[in-house]
Amino acid sequence: MRSLEEVVPCFGMITVQLAYGGANILCKLALARGLSYLVFTVYRHLLAMAILGPLAYVLERKRRPALSLSILAKIFMLALFGTTIHQNVYYAGLSYTSPTVASALGSVIPALTFILALMLKLEKVTIGSAKGWAKIIGAVVCISGALLFTFWKGHLLGGLVKHPLILVGTKGSGQGPQRGKDDWIKGSLLILTSNIAFSAWLILQAMIYEVYPARLSMTALICFFASLQSSVLGLVFERSKSSWRMGWNIQMLTIVYCGTVISCLVYYLQTFCISKKGPVFAAMFSPLILIIVGVFSAFFLAERLYMGSLIGAVLIILGLYGVLWGKSKDFDENGDKKMIAEKTTQTLDAKNCISSSDCHNV
């Protein structure tokens, strides 16, 4: 049972990253063909809310805690950081860069989450230990790699294929995915900002789950508040009626995929993994998306990267696994302490049983 408890969250987070990889590619294609990211955020969460709302009402009716004004305010902030800020800023950045760039910068999420958790005293660092130094140095290297990735381009590297199998230019342009340096920096900064919001979301989610442990209901409420917040933004910045009309095309496919798979399945699965292993554990799997999206983009989008991006990505990965190594030592220590505590409890129970007259009578 214990090994199963260890494996399930791992497989859950791998599934999450696979789903996010598919969403990255679809969103890039849909945004390039004219989909407004504000409209997209509204529609996908309305769809998710329509699916999750009835399920949460039926399945969690008897064990759902009462909703206080304080809990509602916390879930509202959760939706603000995790969806309204994170997703809208992320998709704005994605429209200026590429799926591989977005995925590479997503690898800083574990380091950002660790730093935020450290500031909030949710993580502990023993300065004199190897694991403590690994966490600190890893976080610094990871952030340094992200800054290098963003602000230095260097030599343009050759691609694996000459022509893209899927065009990602704007509607009717026939242009490939390459953009200028200003767009690259602007997009990278937007994505880094969205990653900070996402890291805050992971930590907030762990804190709110302690007072409201109804995963389906919490996910449905997040989707409700996200659609409400993004609707207000959409009515201000997307006043054209044509932006709100959807046809049966890549835009509709992206909305349906992200509304059902990401906002329903992935949100719930992520909440489950965070409740079992914590926010830093959930963030540890984010580099997988870089491999998934990088391979697809290289072959199907003919994407080419710069030397600065490659060096930055290597630093991000090295720094990340420094943090992960330190974190794995925490998991090992916690597991050992738990095992010792269980054995101590069993020993005490056995001694009490021997000394008890009831046990002798049995």
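For all residues, glycine too, the Cβ spot is worked out from N, Cα and C.
Unlike curated records, TrEMBL annotations are generated automatically.
For reference, TrEMBL has these:
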DOMAIN    11-149  domain 'EamA'
DOMAIN    186-324  domain 'EamA'
TRANSMEM  7-31  transmembrane segment
TRANSMEM  37-59  transmembrane segment
TRANSMEM  71-89  transmembrane segment
TRANSMEM  101-120  transmembrane segment
TRANSMEM  132-152  transmembrane segment
TRANSMEM  184-204  transmembrane segment
TRANSMEM  216-236  transmembrane segment
TRANSMEM  248-268  transmembrane segment
TRANSMEM  280-300  transmembrane segment
TRANSMEM  306-324  transmembrane segment
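Counting residues of the domain 'EamA' (11-149) by DSSP class, helix then strand then coil, yields 112 helix, 0 strand, 27 coil. Among 132-152, 216-236, 248-268, 216-236 has the largest number of CB pairs under 8 A with the transmembrane segment (71-89). Contacts between the transmembrane segment (248-268) and the transmembrane segment (7-31): present, as 3 or more C-beta pairs lie under 8 angstroms, all at sequence separation of six or more. Tallying C-beta pairs under 8 angstroms between the transmembrane segment (216-236) and each of 7-31, 37-59, 132-152 places 37-59 first. Each residue in the domain 'EamA' (186-324) has a pLDDT score, and their mean in this model is 83.
DSSP places the residues of the domain 'EamA' (186-324) in helix, strand and coil in these numbers: 117 helix, 1 strand, 21 coil. Here the transmembrane segment (132-152) has Cβ contacts under 8 Å with residues 101, 104-105, 107-108, 110-112, 114-115, 123, 125-126, 185, 188-189, 192, 308-309, 311-327, 329 of the same chain, all six or more residues outside its ends. Between the transmembrane segment (184-204) and the stretches 7-31, 37-59, 280-300, 306-324, the greatest number of Cβ pairs separated by less than 8 Å involves 280-300.
Per-stretch counts of Cβ pairs under 8 Å to the transmembrane segment (7-31) identify 280-300 as the leading one among 37-59, 280-300, 306-324. Within the same chain, residues 9, 13-14, 16-18, 20-21, 24-25, 98-100, 102-104, 106-107, 109-110, 112-114, 117, 123, 159-161, 164-166, 199, 202, 270, 273-274, 313, 316-317, 320, 323-324, 327, 331 sit at least 6 positions outside the transmembrane segment (280-300) and bring their C-beta atoms closer than 8 Å to a C-beta of that stretch. Non-local neighbours of the transmembrane segment (306-324) in the same chain are 101, 104-105, 107-108, 110-111, 114, 134-135, 137-157, 284, 287, 290; each lies 6+ residues outside the stretch with a CB under 8 Å from one of its CB atoms.
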